[in-house]
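For reference, the structure discussed in these notes is given below.
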Amino acid sequence: MATDGGPLAASSASLDSSLSPLHASPSPSSTYTASSLALSAPAIAASFSVASTFSNSLIPPPPLPPPTPSTMAGWFGWVFSFFFQVIPSVLYWVITFATITLPTWLFTLFSMSLTFTMNFTTLLLIALAIVSTISWFIRYRFLNMYSRLPSEPQRKEPHLDLFPDVQEGDSKPGLANYLDEFLSAIKVFGYLERPVFHELTRTMQTRKLIAGETLMLEEEKGFCLVVDGLVQIFVKSMRDGKPNVDEGSNHMGAESSDEDDHRVDGKQGYQLLTEVKNGASMSSLFSILSLFTEDIQLRASEGSSSSASSVGPSTNARVSDSFPASPHGLEDSPRSNFVRDHGDSVAHISNSNGELLPSVPPLNLGESHAMPIQEPYPKPRSQPGKRRRKSVHPDIVARAMVDTTIAIIPASAFRRLTRVYPRATAHIVQVILTRLQRVTFATAHSYLGLNNDVLGIEKQMTKFTTQDLPNEMRGAALDRLKDKFIKERDRLGPEEIIKGIALHNPFAGRRRRSSSFLRKEAVLHAKMAAQSKRPVSMASPEDISGDRESAGPSPGDLLSTIQLSRFGPRYEHLAPKLLSPLTDKENPPFMAPVMHSSPFHRKKDAVDEDALFRESILDCIMNGIGLTSSTRDVLRKSSHTSGDISPKLLSYDSRRQKAVFTNNAFGFIDPYDSSADGETESMMSMSMTSAGGTSPIVNLREELRNDIEIVYFPQGSVLVEQGERHPGLYYVIDGFLDVGIPVSDKGEDLVGGSRPVYGQPPEEFFPTLKRTTTSSSRVSGVTSATNDTKRKRQSRKSLYLIKPGGIQGYVGSVASYRSYTDVVAKTDVYVGFLPRSSLERIAERYPIALLTLAKRLTSLLPRLLLHIDFALEWVQVSAGQVIYHQGDESDAIYLVLNGRLRSVLEGTDGKITVVGEYGQGESVGELEVMTESTRPATLHAIRDTELAKFPRSLFNSLAQEHPGITIQVSKLIAQRMRDLVELPMPEKGGEHANVGSVKTAASVVNLRTVGILPVTAGVPVVEFGHRLQNALHQIGVTNGVTSLNQAAILNHLGRHAFSKMGKLKLSQYLADLEEKYGMVLYIADTNVNSPWTQTCITQADCILLVGLAESSPSIGEYERFLLGMKTTARKELVLLHSERYCPPGLTRQWLKNRMWINGGHHHIQMGFRLTPEPSHPQAKRLGAVLKQRVQVIQAEIQKYTSRRIRQTPLYSAQTPFKGDFHRLARRLCGRSVGLVLGGGGARGIAQVGVIKALEEAGIPIDIIGGTSIGSFIGALYARDADVVPMYGRAKKFAGRMASMWRFMLDLTYPTTSYTTGHEFNRGIFKTFGDSQIEDFWLEYYCNTTNISKSRPEFHSSGYTWRYVRASMSLAGLIPPICDEGSMLLDGGYIDNLTVTHMKGLGADVIFAVDVGSIDDNTPQGYGDSLSGFWTVLNRWNPFSACPNPPTLSEIQARLAYVSSIDNLERAKNTPGCLYMRPPIDPYGTLEFGKFDEIYQVGYAYGKQYLEKLRSEGSLPLPEETEEKKKLQRTLAPRRASI
């Protein structure tokens, strides 16, 4: 084998050697035969040579097999072979491919020659295909980006959830129900301290009445309430044999239902007044007042003897039998002697059973073991010359319909309460007087039209208050006083004089004195008196009526007083006489304080007649209000007698009061006092210092002397306006005051005078003299200008005159009522003025003033008002409680005293539609009561609400005796029905018809409370609340605005304000504030779980959720708490922006998860810190301190640099009334200014000029609505609230629309429309981009016509370009736009000027700009048939006298706009609508090329129209507020420099 195959063997060896690296260890099974190798050796050799070459050129060599780890040398060999064999092979392959293989391929490719031969047609087709492909890509992939925006459908209006009514009437059985009914009945007394509550209820008794049993309430001597059962109250239809009704009344009653007319004993006819159910009182408010005031004298002229006897026995025996008492003495009566002899036992027996009372009604007060009724006691009541007063319940009978349980608090409990707790009594009387005004007087005057009965009380009150000046203050002294005003009158102009000239008061600055300091002095003096075992009131009467020389008490006075008391009675009586300027007329009242220390430094030649006038006026006022020296002397004597005769009882009371009150955490605090020092006082100290007012420390008279102002008013000046709070008391020195009412107010405002009187300056805490010129200042600021212009010229009706010596404003000032009349200076008049705050201090320290007023009111009350007061029920309902359900029987009319109600209609499909909301002073339910139909809707309370329930039985009774009441209520119903006809509600029944929304006109009118709630912690709600309050002040809210936070509440009510018992006091305090101010802001500045946050939610008519726009839109913790409260109040979202810009889509992120936002949203620009400092500072480390310091420095630098780097905002308010907070304030007040823009094609360019004219005139625009081109222009302005970007974008869009090439390129086969709509879409999309309506700075909407569902739709959310495009879609020219399966077209087909919808959103004044075309109304007479050929010839015949008949397209267009014409005429006659139509008739619908010309036409017309309104005085400018401030009362009167 070796010899034969030498060459083959050599080649095989070489092959083996070359393959050896690849196969280091060949398999032993691989065997080859010699023959096979010999036959294929050349082929194999050639193949292997090629393979080796190719592998060397393309494939890198494989890696070396790993060496055997037997020795270290193997490892080194493997690494050596890898570096020196594999790597060079790879480099060789890369270099070979780059330098040889790749160039060879390229050379071969480029050396080839290809030849294509095509004709022109082929080239043209190819070019056309390329162009078509590119145009398709640009058209459908680039230019129609608007069609690929993410789906953002309109936001659905939230549905209202009526939470289940858990406050059903008889839900609690047993004792709990009994207690609840009793507590609900005594709520009329307001907040009761624990000892006061025990004092009232410890003698309470219960009585069972069987069905059919009658009770004569005119003989009942106590407070009666129904605990369980049903009682009907009847009144006699005749009195003293004289019918009070016409002859037909009995026949009317006989024909009516059995419940309206009853006969008792077959003699007298009775009429049903009301039905009293569980938890209601059988006593009226006047009867409660009579229980407190039966021992009070009516006038100061009755003398000290009679007055002394009137109170003495009451305090002696603690039981008086004079209900309703004669104010004359009973000292010699056997009963008085009996009570003196028996002491405490008689008091307890009489208090517990009340059997010593005269004229005991035939009531069996249950089982008792008291002494039998003694007949001789009532007989001495009839003394000669003394007439017994009639009952306050004349001719009133109660009858039990079922077995009934009643509770009776006897009159003795009220008398004892008056004596032991005089300040608490005064507080209760104040509450009852307030509710008397809110319930009875307001209902009778404003609702029933009983002006004569209500105003007659004030007229008759003058006989009690008239007090003449001393003789020495008349004649020459009065002439000298008048001479002091002459120079000032000559110096000032008529406009300044009519405001009033006040005499200079040098000591006016000393009026304000810390009430807390006076309280501490009073408590200290009371403790000193208690330690010395002497009564506080041992001084002489001159000590009370006298006046110390100093301007106010001081600590030095306390020391001097104590020293005088130590010297003995002689000096004790001498000091007041020496220190009283009334006893020594030559005393200069305003000496220096150093002279006051000695009573002997007086100069007779330093007589100050001004001070004497002030003191004389003060004496007359104090006598007029019942605060006389004899009264106080009597109270002082009564307190001595009580202490001397029954010292055991006095000590028991003092111990009991002190023990109970010390343990009681809720000290008595006056609701109008901001000091919390009263919590440290005891009941005894208050009773001793306030009953007689005898503390020489708290010498109120010294303070009041400096509060008296002497003011001159020329003839015609208005001192008090109807509907406002009395600024104080006016004492007429010389001249006459005319008291009257505007004639038109009787018919204009039938519902309580609570309708806002805008433009009045806010009421200050100390409202000094405020003057007006005429009654024209009653005009509202931006309410309907036409109605207010008419009101200016209406006359007034004079009621009576106030002569010299008379007092005006007594009832209103002491009881904090609003004035029912105007008070005008009949002649030049000189008056003394005492502010209302001074009267409040008098009432606080001397409860006798309130009790005297209550006594006088009960004595002057007409019988009609008494019956109305008896039948009216004061009802308190909780938030969410349903008052009546849909379909219930209508049994009463409800008048809202405080709170807010909502009426909702429950549909068959479960949807809830808001019918209306009712605020303070409004009524609901008259139509159902008069028609005796069922309730058409469900009425529930949005928050805690006080109502006056006017039962149908009372209405029927009054209708028979007083038909004028029926006429008055009929006028009210007729006015409401007319409003429903003239201002229809927005269309219902669709997805976009605001079903369930509370965003209606009724929901923004008469808002009284607004809660400001943050979304999450860190939102600056306090600063936001203050800015909003300032804006509300500037726009002029009636009666002013106040804001409350937790600190303010704690300052007023103490730290226990939010406790279980303190909530009663808190609710009453908040109700008083809401009645006092026009709007109250509740700022939730505490943590989320605090009671104050809960109070802010429950007390709010509207809740503003304030969030930072740049922060996370997730649900905050305050919102979760709000949802847990289940409140039904209107909720609005307020987004705070650092800059006046809202990124597209931001608002949708906030609203997406907040379906409970049912009142809209607002964008507000307000500077704030995005990273507020933490409220709870953490432990400060060195690194944290440095980091915090750096952050502070960085924030300070950014404050001065970052805002300058940014571009200036697009809009800056030129007037302060165009700010965001003013816009929100007008929205809350229902005084928003709306702008409605109509459609008309290119004629709508004139609207740009009108808007510019409005902005230059300073008129703010709050809501914008538009149709067709009006929707486009309105959206441009609402987006930035500035005319500059609006003008630029509108002109750019007009340029695109003026290009005919764009429309020619957009033409298509006219199956649906002539164009595809793409160019139109592009023009609108290039203007608005992807912005959404929610992101607009101003509230905006546009309307469209849904031809799929044949209804109009209003869009206020979603992409702007889509709904603006839909609102501008003319049928036939542009295809309808599809929205959720519906086809939308131009909104002008149904309503081209959407004034009605704008009015429904709450806009008060609406500027409506109409640019539509005018239809050709030429009469046609072509006959009954018409030839088309004749029509064509007639059009071309210039001599034809026949008008051209309309074409087919014209007929279709007119047919499409039929309903729009009717809505346009209705819009022109809408109250508050200012209709504007620029002269744009010569311009066509598509003449967008004349932009500048049409713009100038609109601008010139707008300026001319607004100037015309300004000259007529009907322009609703905010600047008018400044002018009205000149006409109305100034903040402080101009003082004469005399």
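Placement of Cβ uses the backbone N, Cα and C atoms for every residue, glycine included.
According to Swiss-Prot, the feature topological domain 'Cytoplasmic' maps to 1-74 (among others), an assignment based on similarity to another entry.
The transmembrane segment feature in Swiss-Prot is assigned to 75-95 (among others).
Sequence annotations record features per position, and here Swiss-Prot assigns topological domain 'Lumenal' to 96-117 based on similarity to another entry.
The transmembrane segment annotation in Swiss-Prot covers 118-138 (among others).
Here Swiss-Prot flags 139-1538 (among others) as topological domain 'Cytoplasmic', drawing on similarity to another entry.
Annotated compositional bias 'Low complexity' per Swiss-Prot: 302-314, in sequence order.
Marked as nucleoside 3',5'-cyclic phosphate 1 binding site by Swiss-Prot: 692-811. Under the DSSP three-state reduction, Gln722 (nucleoside 3',5'-cyclic phosphate 1 binding site) is assigned to coil, being neither helix nor strand.
Swiss-Prot lists 1235-1399 with the feature domain 'PNPLA'.
For Ser1268, the entry in Swiss-Prot reads active site, nucleophile, with the evidence type sequence analysis. Cβ neighbour count for Ser1268 (active site, nucleophile) (all protein chains, 10 Å cutoff from its Cβ): 29.
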Quiz item: In whole Å, how far is Ser1268 (active site, nucleophile) from Asp707 (nucleoside 3',5'-cyclic phosphate 1 binding site) when you measure between their Cα atoms?
Solution: 64
Quiz item: Within the chain of Lys797 (nucleoside 3',5'-cyclic phosphate 1 binding site), which residues six or more apart in sequence place their C-beta under 8 angstroms from its C-beta?
Solution: Gly740, Ile741, Pro742, Val743
Self-check item: Spatial neighbours of Leu737 (nucleoside 3',5'-cyclic phosphate 1 binding site) that are distant in sequence (at least 6 apart) but have CB under 8 A
Solution: Leu719, Tyr730, Leu801, Ile802, Gly806, Gln808, Val823, Val824, Ala825, Lys826, Val829, Val831
Quiz prompt | Between Gln722 (nucleoside 3',5'-cyclic phosphate 1 binding site) and Ser1268 (active site, nucleophile): CA-CA distance (Å) | solution = 46
Quiz item: Can you count the other CB atoms that lie within 10 A of the CB of Asp707 (nucleoside 3',5'-cyclic phosphate 1 binding site)?
Solution: 23
Quiz item: Including all protein chains displayed, how many Cβ atoms other than that of Gln722 (nucleoside 3',5'-cyclic phosphate 1 binding site) lie within 10 Å of its Cβ?
Solution: 21
